Amino acid sequence: MAVDGTLVYIRVTLLLLWLGVFLSISGYCQAGPSQHFTSPEVVIPLKVISRGRSAKAPGWLSYSLRFGGQKHVVHMRVKKLLVSRHLPVFTYTDDRALLEDQLFIPDDCYYHGYVEAAPESLVVFSACFGGFRGVLKISGLTYEIEPIRHSATFEHLVYKINSNETQFPAMRCGLTEKEVARQQLEFEEAENSALEPKSAGDWWTHAWFLELVVVVNHDFFIYSQSNISKVQEDVFLVVNIVDSMYKQLGTYIILIGIEIWNQGNVFPMTSIEQVLNDFSQWKQISLSQLQHDAAHMFIKNSLISILGLAYVAGICRPPIDCGVDNFQGDTWSLFANTVAHELGHTLGMQHDEEFCFCGERGCIMNTFRVPAEKFTNCSYADFMKTTLNQGSCLHNPPRLGEIFMLKRCGNGVVEREEQCDCGSVQQCEQDACCLLNCTLRPGAACAFGLCCKDCKFMPSGELCRQEVNECDLPEWCNGTSHQCPEDRYVQDGIPCSDSAYCYQKRCNNHDQHCREIFGKDAKSASQNCYKEINSQGNRFGHCGINGTTYLKCHISDVFCGRVQCENVRDIPLLQDHFTLQHTHINGVTCWGIDYHLRMNISDIGEVKDGTVCGPGKICIHKKCVSLSVLSHVCLPETCNMKGICNNKHHCHCGYGWSPPYCQHRGYGGSIDSGPASAKRGVFLPLIVIPSLSVLTFLFTVGLLMYLRQCSGPKETKAHSSG
């Protein structure tokens, strides 16, 4: 059971891969009377503090809500991939000039989860605008919750959504058979020649990422009280619900931009077919500044009886990667069903037929308008067929902070000729160094940087970047710049602790790697574990991934595949999607961790480059290679044995010697580090070079022997005299 509400990606076998992609237009059929609420109940969510065995993993929140005659405990956690961190919102001036603003969207106020003791429940909340707003689905019933504005006691209203099927009569699709045939004939030839079907072995991936742009027409804007902030809040709510519906397909729906037609519609709204056609042409030019996978238009038009329309399998194929969703003014959860349905068409899904099933009375791609939250086996098959053939734009997770960033004064990023950029008006009012026009205030020398303090350059020799480990090196300010020198570290291949070698600022070894995953008592497993597991070529043991194939490790490279551990005392608490494996080999229990295709998170189980794999050998790119492959232009002799080579092959001198070659007296550092401070005192090298270690050891042993010799005769004599 998904105890903590973790959404399980249902894997449905794709029975048939069709050649070509059928493209047509599919209308979400005509609506009947609008949905109605029951009378709302007033509830006050109370935070639940879990302790002991009932405590949730970090990141989970729990609230108790009493409605419908009983108490419900909601468990939820933050969604991280939903809205771009700097969301571009486009509106229009009175003279129809386009304005762009970038909202800073908090990444900790969109939640999803479940209701305790309610199997198949769903919770989708936002808390960005004061209180909880969203949807709860419990035992086949749907509820919407919203905060009571300005309530001093955190009061909310909970509405039960009527789900009587008589309110949802059969709906007619907007296409005739003749139109379907025409669309198929028009697009089939070009599509078949353009597509290159992918391997059937790649039909399941861990995650897809659909970057969505939403355009809101003027009637929708009027319905949202002609308030741009209210429009944004409504759009966020709908996308949040839709995203939760698509989790079962392993798909993230990520909002990357909104355009609001606040001054009137850009083109007429006469029929749903005309709106879709005009929208697909308009967006090709007007949304070109936003790289997106799909664009959907939210309209509100009671004169258009069709709820939605989209090009089937238009994903990744501009300009037909779009759809239109018609809000009927009923409930946001039902409108989210419409959006999920039309987005399903964009992703290649057809309407469900008699042999399609999802385990519920109503399914998302049903031709009947009923509350639904699941896709059928037919929808899975259509989705996988489309994404296999043309879903390349869905493969890569977006960098949410970099989706859209106009270069301009006021975006908080120093660009071009700007001296500084303090961001918004409110931020600039609190900035002592930077003005609103991106110039420095009078008397200020700087406004940011590791070597800027109180609008002044920090003095020469001031430490600005402390070394973080034995393979790192410090940097100091030069007194004339706000920037700390570029981060430098010890040259690759220089020995570090535990008979390891520094590599790219790290001192890696298998034992330490095992301790990081399994705790302080764990250690690297025997050679038999590495040979047996890493030669299998599966997600628990391999030497890399080529496309969709796990590569078996050659016998000489088994220590460079996946780390294998033993002496494991505790099972670690890991991120979602990781799986632990323990295998008994020759009386030893070998522990490892998996990594499968397109997890899109850091692989903590792969052996890190630079890890020792044999005498004088290290792992690089899953191969066990000789240390000689590393370029050692700089040697200890280069630094006169008084310093260490850095990653630029320059000498970083010990205290008492000056760069570049540590020949003359000075305060240490390198030509890259900035001038070292004269106040550091005695220099203690970060790297224990073996020769120095031996000298230290011999000195210590000699000293002990000397002391023992000095004290020995006295003890012997005293013992003899007794």
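Yeah, the Cβs are placed from backbone N, Cα and C, and that goes for glycine too.
According to Swiss-Prot, the features are:
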- N164: N-linked glycosylation site (CARBOHYD)
- 171-178: motif 'Cysteine switch' (MOTIF)
- 208-398: domain 'Peptidase M12B' (DOMAIN)
- N227: N-linked glycosylation site (CARBOHYD)
- N377: N-linked glycosylation site (CARBOHYD)
- 406-492: domain 'Disintegrin' (DOMAIN)
- N437: N-linked glycosylation site (CARBOHYD)
- N478: N-linked glycosylation site (CARBOHYD)
- N546: N-linked glycosylation site (CARBOHYD)
- N600: N-linked glycosylation site (CARBOHYD)
- 634-663: domain 'EGF-like' (DOMAIN)
- 682-702: transmembrane segment (TRANSMEM)
- 703-722: topological domain 'Cytoplasmic' (TOPO_DOM)
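Projection of Swiss-Prot feature records onto the structure.
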| residue | record | contacts (Cβ under 8 Å, 6+ apart) |
| --- | --- | --- |
| N227 | N-linked glycosylation site | none |
| N437 | N-linked glycosylation site | C409 |
| N478 | N-linked glycosylation site | C451, S460, P485, G674, P675 |
| N546 | N-linked glycosylation site | none |
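Taking all protein chains in view, 19 other C-beta atoms sit within 10 angstroms of the C-beta of N377 (N-linked glycosylation site). For the domain 'Peptidase M12B' (208-398), the predicted model reports an average pLDDT of 90. Remark: secondary structure over the domain 'EGF-like' (634-663) totals 0 helix, 10 strand, 20 coil, with classes taken from DSSP. N377 (N-linked glycosylation site) falls within a helix when secondary structure is assigned with DSSP.
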